[in-house]
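Each remark here refers to the structure printed beneath this line.
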Amino acid sequence: MDTLRIAVNGVSYNEASEIYKPHADPFTGPITNLAPWNFAVLATLMFVITSLSLFENFTVMLATYKFKQLRQPLNYIIVNLSLADFLVSLTGGTISFLTNARGYFFLGNWACVLEGFAVTYFGIVAMWSLAVLSFERYFVICRPLGNVRLRGKHAALGLLFVWTFSFIWTIPPVFGWCSYTVSKIGTTCEPNWYSNNIWNHTYIITFFVTCFIMPLGMIIYCYGKLLQKLRKVSHDRLGNAKKPERQVSRMVVVMIVAYLVGWTPYAAFSIIVTACPTIYLDPRLAAAPAFFSKTAAVYNPVIYVFMNKQVSTQLNWGFWSRA
């Protein structure tokens, strides 16, 4: 298939000319072979996801700020995860809702770069936050350094690493190492997975190693060690003193699994189109993993509230005291 590559104000855009001839410029009009109702459905979906995410994650951050009992190293990391999810929805969710409501990326180049960078950056911050959470569980239960306890300053250093490291590996496309480009459906922006350029491929490979494989490897290692520890210690010896830690560990596992369920399809899709950039995919099919990944920002705070008795108790107390 004849493939046309277009650069619009620094944002690269690949399209199959046979399919998308009516609108070579993604900023001036929608894909004409898709009925308007497709974009209306996506706009409605993004409105619901964005609204729920903003409300839920703001509630988690507000509760942690209001109740001193929740200001613990573990909760600092979870609040950081909520902040990342909140910012993903505030930037990417809002822009995606507006562009789908219009049917094309009418906001122009600056918004494309903003959405592409923001969603990628905050998404990777969330991924690395889960990796730090898994390390916190490993540190607390396995005690690799003996009686050394994890304190607030240690959590702060971990979060500083998360934000700095994520920024280092998501900012390069803004300055020319790869690019943030309009997606096939024309209403969202993402890293340029479809590029044939070897230079761009070096970034994509580096990005996957540092922002997906490394944090996932850290999660697998920490929970592998954690399971070994729990198997060695009998239920009687673990006792009631360790019961809260086991509950928190289960909560973190559920959060990690839920996040991976949301983002793994998008990661797999990105690998496929990077390896086969000329592959033809229906725009709706190509967009599905990206839109599905945004649901991760909705269910993480729900898991946190319902599986953490301390948080649910404080929220219930706050609600009924106001009532």
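Note that Cβ sites are derived from N, Cα and C of the backbone, with glycine treated the same way.
In three-state terms derived from DSSP, C112 (disulfide bond) belongs to a helical segment. Within 10 Å of the C-beta atom of C112 (disulfide bond) sit 28 other C-beta atoms, taking all shown protein chains into account. Look at Swiss-Prot and you will find C112-C189 tagged as disulfide bond, backed by sequence analysis.
Positions annotated as N-linked glycosylation site by Swiss-Prot, on the basis of sequence analysis: N200. Around N200 (N-linked glycosylation site), the same-chain residues six or more apart in sequence whose CB sits under 8 Å from its CB are W177, C178, S179, N192, listed in sequence order. The DSSP secondary structure for N200 (N-linked glycosylation site) is helix.
K294 (N6-(retinylidene)lysine) carries neither a helix nor a strand DSSP state and counts as coil. Every protein chain shown contributes to the tally, and the Cβ of K294 (N6-(retinylidene)lysine) ends up with 25 other Cβ atoms within 10 Å. What Swiss-Prot lists as N6-(retinylidene)lysine is K294.
Annotation comment: Swiss-Prot describes 1-38 (among others) as topological domain 'Extracellular'.
Positions annotated as topological domain 'Cytoplasmic' by Swiss-Prot: 64-75 (among others). Taken as a whole, the topological domain 'Cytoplasmic' (64-75) shows an average pLDDT of 80 in this prediction.
Residues or ranges marked as topological domain 'Extracellular' in Swiss-Prot: 101-115 (among others). Only residues 6 or more beyond the boundaries of the topological domain 'Extracellular' (101-115), in the same chain, are considered here, and those with a CB under 8 A from a CB of the stretch are 8-11, 23, 26-31, 36, 39-40, 43, 91-92, 95, 174, 180-182, 186-189.
Feature annotation from Swiss-Prot assigns topological domain 'Cytoplasmic' to 136-154 (among others).
If you look up Swiss-Prot, you'll see 179-202 (among others) marked as topological domain 'Extracellular'.
The feature topological domain 'Cytoplasmic' is assigned by Swiss-Prot to 231-250 (among others).
According to Swiss-Prot, the feature topological domain 'Extracellular' maps to 275-282 (among others).
Taken from Swiss-Prot, the feature topological domain 'Cytoplasmic' applies to 308-323 (among others).
Taken from Swiss-Prot, the feature transmembrane segment covers 39-63 (among others), and the record attributes it to sequence analysis.
Annotation source Swiss-Prot lists transmembrane segment at 76-100 (among others).
The transmembrane segment annotation in Swiss-Prot covers 116-135 (among others), and the record cites sequence analysis as its basis.
Under the heading transmembrane segment, Swiss-Prot lists 155-178 (among others), citing sequence analysis as support. Residues 73-74, 76-77, 80, 113, 116-117, 120-121, 124-125, 128-129, 132, 135-136, 191-192, 195, 199-200, 202-204, 206-207, 210-211 of the same chain sit 6 or more residues outside the transmembrane segment (155-178) yet have a Cβ under 8 Å from a Cβ within it.
The transmembrane segment annotation in Swiss-Prot covers 203-230 (among others).
Recorded residues C189 (disulfide bond) and K294 (N6-(retinylidene)lysine) have their alpha carbons 13 Å apart, per Cα-Cα distance. Other Cβ atoms within 10 Å of the Cβ of C189 (disulfide bond) number 32 in total over all chains.
The largest share of C-beta pairs under 8 angstroms with the transmembrane segment (76-100) comes from 39-63, of the ranges 39-63, 116-135, 203-230, 283-307.
Between the CA atoms of C112 (disulfide bond) and K294 (N6-(retinylidene)lysine) there is a gap of 17 Å, rounded to the nearest whole number. Sequence-distant contacts of the transmembrane segment (203-230) (same chain, six or more residues past either end, CB-CB distance under 8 Å): 124, 127-128, 130-131, 134-135, 137-138, 141-142, 165-166, 169-170, 172-173, 177-178, 191, 193, 195, 238, 246, 249, 253, 256, 260, 267, 270-271, 274.
Within the same chain, residues 30, 70, 78-79, 82-83, 85-86, 88-90, 93-94, 96-97, 100-103, 185, 187, 287, 291, 294-295, 297-298, 301-302, 304-305, 311, 314-315, 318 sit at least 6 positions outside the transmembrane segment (39-63) and bring their C-beta atoms closer than 8 Å to a C-beta of that stretch.
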